[in-house]
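Student: Shown below is the structure under consideration.
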Amino acid sequence: MEGDSGDGWYAFSNMQKSPTVQLDTLSDKFELLLSALETSLCGLQNSTEQIRKELIMWWDFLFKTRALLEDAKNRVEHDFLVKLWVTDMVEVLNDMEDILDEIMDASLSGLTAEVQSCANKTWKLILYLFNKVSRFIHGRNKGMTSKLKDIAARLNNILMRTEPLGLQNRLRTGDEIEQKNLERKQFDMLNAIYKGNLRKVRGYFQNNPDAISTKFENGETALHVAITAGQLRIAKELITSTRMANSHHLKIQDKSGYTALSFAARGGMMEIAKCLIEKNRDLLTIPDANKTIPVQLACRAGIEDMTRYLYCNTPLEFLDGGYGFDLLEECITKKMFDIAIQLLRHFPKFAIYGFFKDGGGASFPIVQTLAQTPPPFFRGNQLALWRRWAYNSRPLVSILPEFLAKQIYELKLMDENAHAVIQFICRRLSSLNEEQFLQSGAVEAAFQAIKNGIPEIVIEITKVNTNILWNCTDNEGTNLYECAIANRQEEVARFLYGFSAGIDKNKVFTTARHGNKLLHLAAKLAPRSHLNCISGAALQFQSELRWFKAVEGIVPELLKQQVNDDYKTPSEVFSKEHKQLLEEAEEWMKKTAESSTVVGALIITIMFAVAFTVPGGNDQNTGFPIFLNKTADSSTVSSPTVPFIVFVASDAISLFAASSSVLMFLGILTSRYADKDFLKSLPVKLIFGISLLFISIAAMMVAFCVALFIMLQGRLWIIIPVTLSASAPIIIFGLLQIPFLLELYNSTFRRGIFDGNRTTA
């Protein structure tokens with residue numbers, strides 16, 4: 001037995017975590033753990049020394065399982081029910097650790113009875129753990145659910161057979177026997193709920209009507225279990241039962257304060273929520289232990305339809321306070337701006353002041369919450385290229401089919417609602433005096449919005465109070481304009497630069513922080529979050545250089561060579577800060593040119609040879625291609641002469657384009673790679689090189705298809721599939737390179753940041 005136990009634990013300890021944790025992998029690992037636990041716990045009837053050995057394996061199980069669960073918890077953020085299941089299991093393991101401490105103390109003292117009692121407690125905890133597994137995974141993967149149910153049943157059989165674990169035969173009183181029978185019936189009823197056996201559940205409650213309010217582990221009732229297990233038919237049956245309808249049983253809360261509606265809200269079970277609210281609307285305003293009402297739970301879980309439904313049914317007077325303000329925060333965090341703007345219109349005071357919570361701490365003003373969330377304004381940046389064009393073109397959206405335009409419409413609607421929220425807040429801020437404005441959190445929100453890349457908030461706040469532009473600073477003594485320059489916020493910098501007209505230039509372009517002038521801030525390396533949004537090290541360096549040159553263009557000439565406290569000019573700061581990025585940009589540019597040169601050289605070799613091995617061959621007498629002057633006869637639909645001319649032209653275009661692209665890439669490889677070369681010279685060569693390479697590949701495929709057409713006249717059944725297949729390389733190259741080319745072109749030739757002039761090298 002000891003050897004079996006050791007083998008089981010050795011197998012578990014050598015199991016490696018999967019790169020992507022899947023729930024069926026978790027069930028396999030728990031099944032292996034069960035085998036080890038079965039042998040190790042049965043060993044508790046042995047000597048004290050054996051007990052200690054088994055305890056060591058127990059702790060090993062405990063730590064490994066907890067690590068596994070924590071890893072799983074981090075990988076299932078998208079699935080709230082699974083995350084909740086994992087959290088519950090971690091709590092069970094914590095309880096097991098306490099019991100293990102009791103077993104160790106009892107074994108060291110020779111108290112066998114206490115050891116046996118603790119072992120029995122542990123088995124019940126493990127049984128509960130597997131019940132939770134079966135409950136939360138039910139209906140997601142039927143094969144896995146069956147396996148987990150087998151594990152739970154196996155544990156239950158062992159528990160009842162060993163009484164407990166074969167360690168001790170206890171004499172039971174009549175009350176104990178009755179309690180044991182009741183527990184078995186309840187367990188059968190819970191299993192029936194997990195399996196969706198409505199007939200068995202209905203029969204149980206007909207025979208035991210008072211059991212409708214019986215609480216199990218964690219204070220859950222049968223209705224709670226049915227909802228969390230996803231058994232909608234059983235849940236509806238329990239809700240509509242006479243006993244439930246005529247009592248306040250729907251309001252029963254578990255240990256966490258969750259009602260049945262709380263579970264339905266978190267799980268997005270709309271039908272159950274409607275049934276519960278129809279029976280008892282008071283459920284909408286019952287908070288849990290964390291002072292959270294159902295609509296907040298639904299919003300926190302990111303379930304938009306459920307959140308909107310519960311919000312429409314929750315009494316507005318109940319939301320006029322902390323609950324409403326917390327819901328507003330959740331809506332902004334989850335980007336449900338349609339509900340957020342409705343809350344603000346009903347309760348305008350939310351726009352300015354935070355509420356003091358029951359714990360004594362004050363919440364942030366809502367404008368700071370808005371500035372600290374991920375950028376709420378979508379702008380279409382995450383869409384595919386054609387969808388991005390549609391997003392920025394209202395006429396194009398109107399002609400798209402409904403199923404294609406739906407996502408774009410929803411994103412634009414979210415964007416408009418987000419603008420409405422910030423504009424509403426700023427209109428309320430405009431009614432404050434200077435002192436109230438400074439206390440409203442708007443200044444902190446403006447700085448936070450710059451760092452998080454939300455220019456709309458900064459612009460709207462600055463319109464409300466232009467004094468914050470120069471008179472307010474952050475903890476480092478930086479004003480808004482300097483913060484925008486340092487964080488590469490072009491839209492904010494361009495907007496704020498418009499306010500500098502008529503302002504003392506020394507006030508605009510100098511700062512006392514470490515002696516750095518505005519140009520010194522522009523010379524520093526951009527935040528990594530900004531650089532990660534740009535493709536390739538070369539484009540990143542080009543963006544940095546372009547930004548530095550743009551700021552240099554608006555700075556007075558006298559300030560361009562001034563030094564900071566480290567006696568460095570802006571140019572010296574730029575060179576030092578961007579040394580590594582320049583090396584990476586050079587390496588990236590060379591590797592791109594080298595790989596493209598190889599492709600271009602192969603195309604040149606192929607197309608040069610093809611020029612002398614034309615379809616149909618040459619006339620042996622004249623040396624001219626056979627298809628060059630061939631005319632159509634009565635049996636020929638069209639003359640091969642035109643396709644032949646197309647073939648020759650395509651071959652020539654491919655050859656010349658490939659040759660030109662190779663020359664462009666050779667020009668890149670032989671460049672000096674100075675800083676200013678990355679502004680225009682190298683990017684232009686790269687644009688022409690990749691464009692010509694694309695043309696050469698396309699022309700090569702055209703030549704191939706035309707050659708087949710000439711040789712296989714009339715055999716469309718083979719010509720059409722081959723032609724379609726030949727278009728695949730062109731499509732793939734276009735999908736991979738055209739977005740990059742557009743980004744490169746836009747970065748190289750777009751207008752200047754401040755003055756509208758084109759950037760010059």
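Every residue number used here counts from 1 along the chain in the order it is shown.
Placement of Cβ uses the backbone N, Cα and C atoms for every residue, glycine included.
In case it's useful when we look at the structure, here is the feature table from TrEMBL:
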- 34-106: domain 'Disease resistance N-terminal' (DOMAIN)
- 218-239: repeat 'ANK' (REPEAT)
- 586-710: domain 'PGG' (DOMAIN)
- 598-617: transmembrane segment (TRANSMEM)
- 644-666: transmembrane segment (TRANSMEM)
- 686-710: transmembrane segment (TRANSMEM)
- 716-742: transmembrane segment (TRANSMEM)
Student: What are the DSSP helix, strand and coil residue counts for the repeat 'ANK' (218-239)?
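Tutor: Across the repeat 'ANK' (218-239), DSSP assigns the residues as follows: 17 helix, 0 strand, 5 coil.
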Student: Who are the chain neighbours of the transmembrane segment (686-710) in space, where the CB to CB distance is under 8 Å and they lie at least 6 residues beyond its ends?
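Tutor: Cβ under 8 Å, 6 or more out: 538, 589, 592-593, 596, 599-600, 603, 606-607, 610, 615-616, 627, 640, 643-644, 646-647, 650-651, 653-655, 657-658, 660-661, 664-665, 668, 718-719, 722-723, 726-727, 729-730, 733-734, 737, 740-741, 744-745, 748.
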Student: Give me the mean pLDDT over the domain 'PGG' (586-710), rounded to a whole number.
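Tutor: That stretch averages a pLDDT of 82.
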